[in-house]
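Report on the structure given below.
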Amino acid sequence: MRQYLDLLEHVIETGTDRGDRTGTGTRSVFGYQMRFDLSQGFPVLTTKKLHLRSIIHELLWFLKGDTNIAYLKEHGVRIWDEWADENGDLGPVYGYQWRSWPTPDGGHIDQIATLVEGLKTNPNSRRHIVSAWNPALVDDMALPPCHCLFQFYVADGKLSCQLYQRSGDIFLGVPFNIASYALLTMMVAQVTGLEAGDFVHTLGDAHIYRNHFEQAQLQLTRTPKPLPRMEINPAVKDLFSFRFEDFELTGYEADSHIKAPVAV
């Protein structure tokens, strides 16, 4: 994926060195956008191997409205371990906001169900938006949402998605986010009878941690390979009925994994 390598290079060459919450230090730019045509292949990195199992299970976990890491641990996914409390809870993070956004009268809004229904009944609406950023509950979250708002758009029978990500850990997090939202777009397209269009990824604070510089430089020496295809079980017509077994990535060839520490 040339778009991703261009982002890495842009931040390394033009970014500003800054301090950060974790004390690690970053080099960052503010405001960057990438676009991926999903008809041209599934946008997963080929210049380092990604753990696709983690990406799929995390997305299914979000869609379940779950905020405890028990499901993830059961399926060998450890990406949230550092932030969970002793009971495995994370507070009202993504799944809660997506599926149970609290209202002042004590009710809840299922933003995802509302989104799907809106795409079916009023595809031309400009209100197909889901937000995970709830200012009233941010302090109760183990980690406030980095990928905090997304919008869907329908044109010529194709469904496109734009994500706004306030904070992007380019080396470790952003590759996961690209694949996750590309997959979500494909899933929503299938259950609404549309074709997958573009995934547009807009980043606010796009940063490389100081202890990822060497790894980023190594990745820039590698040449992108052709993108694989994501095959989704066509029998699934309900977004909340997808299971891990309904997805198969074919033709995925990637360079070896590059290890890097997580800044907590």
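Backbone N, Cα and C define each Cβ position, glycine as well.
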Given Swiss-Prot annotates His51, Ala263 as (6R)-5,10-methylene-5,6,7,8-tetrahydrofolate-binding, which of Asp140, Asp169 belongs to that site as well? Asp169
Of the residues Asn177, Asn233, only one is listed by Swiss-Prot in the dUMP site with Arg21, Arg126, Arg127, Arg166, Ser167, Gly168, Asp169, His207, Ile208, Tyr209. Which is it? Asn177
Tell me the Cα distance separating Ala263 ((6R)-5,10-methylene-5,6,7,8-tetrahydrofolate binding site) from His207 (dUMP binding site), rounded to the nearest angstrom. 12
For Ser167 (dUMP binding site) and His51 ((6R)-5,10-methylene-5,6,7,8-tetrahydrofolate binding site), what Cα-Cα distance in Å is obtained after rounding to a whole number? 21
Check the Cα distances from Arg21 (dUMP binding site) to each of the recorded positions His51, Cys146, Ala263 and keep only the ones within 10 Å. Ala263
Maximal Cα-Cα distance (Å) across residues annotated as binding dUMP, namely Arg21, Arg126, Arg127, Arg166, Ser167, Gly168, Asp169, Asn177, His207, Ile208, Tyr209: 36
Neighbour count check, CB within 10 A, over binding-site residues Arg21, His51; minimum at Arg21
Using a Cβ-Cβ cut-off under 8 angstroms and a sequence gap of six or more, which residues of the chain neighbour Asp169 (dUMP binding site)? Cys146, His207, Tyr209, Ala263
